[in-house]
Structures are given as structure tokens and as C-alpha cells.
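> The annotation signal peptide is assigned in TrEMBL to 1-21. The beta-D-galactose binding site annotation in TrEMBL covers ASN132, ARG133, HIS230, SER231, TYR232, ASP297. Feature annotation from TrEMBL assigns active site, proton donor to HIS230. The active site, proton acceptor annotation in TrEMBL covers GLU362.
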Amino acid sequence: MNKKHFRKQFLLLTLAGSVGAGTLVGCSGQQTAEEETEVTATTEQNQMDIKQEPFGKTKEGEETTLYTLTNEKGMQVQITDYGATITSVLTPDREGKMADVVLGFDSLAGYQSPEYLKSGPYFGAIVGRYGNRIAKGKFTIDGQEYKLATNNGVNHLHGGVKGFDKVVWEAEPMPGQNAVRFKYVSPDGEEGYPGTLTSTVTYTLTNDNEIKIDYEATTDKATPVNLTNHSYFNLAPGQAKDALGHVLTINADKYTVVDETLIPTGELRDVKGTVMDFNTPQAIGARVKQVEGGGYDHNYVLSETGDGLKKAATVYEPTSGRVMEVLTTEPGIQFYSGNFLDGTITGAGGNKYEKHYGFALETQHFPDSPNQPKFPSTILEPGETYKSTTVYKFSTRDQQ
Ligand code: BGC
């Protein structure tokens with residue numbers, strides 16, 4: 001079977017698998033899998049249908065939906081409108097074998113289970129209004145102090161008690177772009193934040209095996225905004241063990257030093273000569289035990305600055321050959337090595353998510369920026385548009 005033929009066969013299997021209970025939304029209308037094989041695969045983004053299927057009801061009785069994006073190479077990304085959450089990402093290994101590379105669940109129940117809510121890992125979700133911590137849940141804008149919900153000891157974390165990860169977003173499938181746009185209007189005062197904030201998050205799956213995430217937001221009062229996606233990755237075959245063997249590069253010479261409650265002290269410290277240095281590829285597990293606090297949970301200050309997408313990080317998983325590159329317009333990236341996973345959660349594939357089972361690379365502005373005048377500002381003013389883009393690009397390497 002030549003390569004092109006193989007791809008076509010693969011497309012057939014993928015599409016055949018996706019015809020069933022769900023609804024297909026596509027620019028070319030509904031087609032059977034057989035009709036679809038007649039379509040010659042092109043590099044354009046407008047050939048794929050977006051499958052929609054029920055994902056479960058929230059505790060408040062709201063219905064949720066799962067959206068499936070597939071590209072011409074057979075890569076597949078599933079996203080639910082609950083928290084605009086990525087629930088699964090199927091990518092090929094170096095032999096072409098597809099497997100899920102993120103931690104997640106196959107129904108809403110997993111995201112609402114008591115064990116999940118207790119440990120609060122935010123698998124795949126959009127976190128907001130403010131990704132990461134705000135010290136003591138307080139900040140001042142134009143002389144007025146605001147008090148946020150405190151949900152992480154004395155601090156505010158990832159938007160509060162009911163952040164953007166726990167609300168149902170409005171969804172707009174965009175089959176012409178192989179994308180889904182999610183929208184959430186956060187009312188004035190929600191979790192203590194000022195102003196009505198309208199946010200959109202658009203997930204696009206390209207034919208180059210990239211997940212592109214575009215964020216936009218507008219407000220009617222000045223408010224902090226720092227949106228990110230909180231996916232945990234494990235690129236190993238079957239996710240059969242922890243992620244400590246993944247080899248990571250982070251393009252950052254400095255990181256933000258934190259206190260014992262993980263709030264930045266304001267100091268940007270050089271990584272050179274320390275266990276924090278990932279400028280050259282290093283296995284996550286090689287030095288993780290030497291890191292204070294049980295592992296990596298730090299914001300790296302990306303070395304490349306300026307407009308546009310910059311390469312932030314690369315991950316290589318040697319047994320599968322999978323590679324993931326992270327590009328972003330943001331100035332920072334939180335590398336979190338899954339230190340608080342403790343085996344109490346069992347994921348979609350039946351695996352127990354033990355410590356370091358997955359890691360997050362969350363593109364962001366720095367934690368606690370509203371209280372750190374020297375950090376790049378995170379305050380969005382009325383009349384401005386918050387814009388941020390991050391790309392997770394998947395490929396493979398041949399050699400070990
Ligand atoms: C934070 C961790 C936190 C994790 C899950 C990460 O972004 O940096 O401290 O435990 O999210 O909530």
C-alpha cells in the first residue's frame with residue numbers, strides 16, 4: 001500500500017468510526033463514509049465534518065456536547081463545551097499508530113466526580129479569568145481594591161471556585177476552518193472580578209497536525225485576564241506509565257521565583273547551572289526529585305520576545321517517537337510536572353493517574369501579575385481586545 005493510499009484508507013476508517021449516534025456538521029452537508037472516500041484528500045482546511053454528540057448533563061441539569069475535529073492525516077481532537085475542555089487528542093506514533101496523548105475522560109461524569117473535584121487538576125480545560133495564582137485573592141485597579149474567591153489556601157487559583165473550566169460555553173462549529181469557537185460571557189463580579197468579560201476561544205485542527213488555540217476577550221471595566229489551556233500530556237504508548245521519560249526543552253533563561261504558597265516573589269532568576277535549566281533537552285525525571293515542592297511547578301520567562309508566535313518548548317517521547325512543539329504569543333509558560341496527581345483518578349483509558357503521570361505546559365502571562373508592577377501587565381481595559389495564540393504541533397522522530 002503506498003503512502004497516499006494508506007492515508008485514504010485511514011481516512012475511511014476514521015470517518016466510518018465517526019458516523020453513528022452523533023451529528024455531523026460539514027460545509028458539504030452530510031455524507032456517508034463511502035461517499036467521503038471519493039473526495040480526494042487536499043491540503044485545504046475545508047473538507048472535514050465536525051461530529052457532535054451528547055457528553056452528559058451537569059449537576060445543574062445543563063446538557064453538554066462533545067465536538068470531534070479530524071484532519072486529513074487522521075489526527076483527532078475532542079473538545080467539550082464544559083469548560084471548553086480538550087478531552088482527547090489522537091496522534092500517530094513513529095509507526096503511524098494512533099493513541100491518545102492527553103489525560104481526560106470520555107464523559108462529563110469524570111469531570112464532575114468527587115475525586116476529580118477534590119484534587120482539582122483542570123485536565124484540558126480553559127482556565128480563567130486568570131490562569132494561575134493571585135496572592136491572597138486581592139488586587140487594586142485605579143485605587144480600588146477587589147477581593148476574589150480564595151480556593152487555594154489563602155490564594156486565588158485558576159479563576160476561583162467556579163472558574164471558566166466549570167461553566168458551559170456556547171459553541172459554534174466552523175467546519176470550513178476545521179474549528180470550533182467557544183464563547184463565554186462572565187458577568188460583572190463573578191468570582192469577585194470587575195466588569196462583564198466576553199471571551200472566545202477557537203480551537204483549530206490543521207492538516208499539519210497542529211492544534212491552534214486563539215483567545216480573545218473584551219470587557220466593560222478594567223479587569224485582569226490571563227487565559228490558558230490546562231491540558232496534561234503523556235505521549236507514551238497507551239499512557240502505560242508516568243511521563244518522567246519525556247525529554248523536554250524550554251526556551252527560557254529565567255523563571256519567576258515563588259514563595260512556599262507558589263506566589264512569585266518578583267525575582268526573575270537565571271536557570272543556568274540549576275535543575276530548572278531546560279535550554280538543552282532533559283528528561284523530565286532526571287532532576288525532578290531535586291526540585292523543591294515535589295517537582296516542577298514554575299513559570300518560565302520565555303527568551304524570545306516580540307510579536308507573533310515564538311517557540312516556547314519541545315517534548316520528545318523516545319519510545320513512541322512522538323514530538324510536541326509549543327509555540328505561543330505569550331511571554332511565559334507554566335511547566336507543571338503533575339506533582340499533585342496521586343492515583344485517585346482513573347482516566348479514559350483505564351489508567352490510574354499517579355504522580356507525574358502527565359505534565360502541563362500552560363502558555364500565560366506571569367502568575368500574580370496584578371500585584372507585580374514589574375511583570376508585563378494583564379489588565380484589560382474597556383475598548384481593548386485581549387488576544388493570545390498558542391499552537392501545539394505534533395510530529396514524530398525516527399530514531400530513539
Ligand atoms: C498550577 C499548580 C496546580 C495545577 C492544578 C497548575 O497550573 O501551577 O500549582 O496544582 O495547575 O491545579
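Placed from the backbone N, Cα and C atoms, the Cβ positions cover glycine too.
Burial and contacts for the listed features, if you can.
The C-beta environment of TYR232 (beta-D-galactose binding site), restricted to residues of the same chain at least 6 apart in sequence and closer than 8 Å, consists of VAL102, LEU103, PRO121, PHE123, GLY124, GLY338, TYR357, GLY358, PHE359, ALA360.
Sequence-distant contacts of HIS230 (beta-D-galactose binding site), defined as residues of its own chain at least six apart whose C-beta falls under 8 angstroms from its C-beta, comprise PRO121, TYR122, PHE123, GLY124, ALA125, ILE126, VAL127, GLY131, HIS158, ASP165, ALA360, GLU362.
According to DSSP, GLU362 (active site, proton acceptor) sits within a strand segment.
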> Inside 10 Å of the Cβ of SER231 (beta-D-galactose binding site), count up the other Cβ atoms and send me the figure.
25
> Could you work out which of the recorded positions (ASP297, GLU362) has its C-beta surrounded by the smallest number of other C-beta atoms within 10 A?
ASP297
> Let me know how many other Cβ atoms fall within 10 Å of the Cβ of ARG133 (beta-D-galactose binding site).
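If we count other Cβ atoms within 10 Å of ARG133 (beta-D-galactose binding site), we arrive at 22.
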> Taking the Cβ of ASN132 (beta-D-galactose binding site) as reference, which residues of that chain separated by at least 6 in sequence fall under 8 Å from it?
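Counting only residues 6 or more apart in sequence, the Cβ neighbours of ASN132 (beta-D-galactose binding site) under 8 Å are LEU157, HIS158, ASN226, ASN299, GLN334, GLU362, GLN364, PRO367, ASP368.
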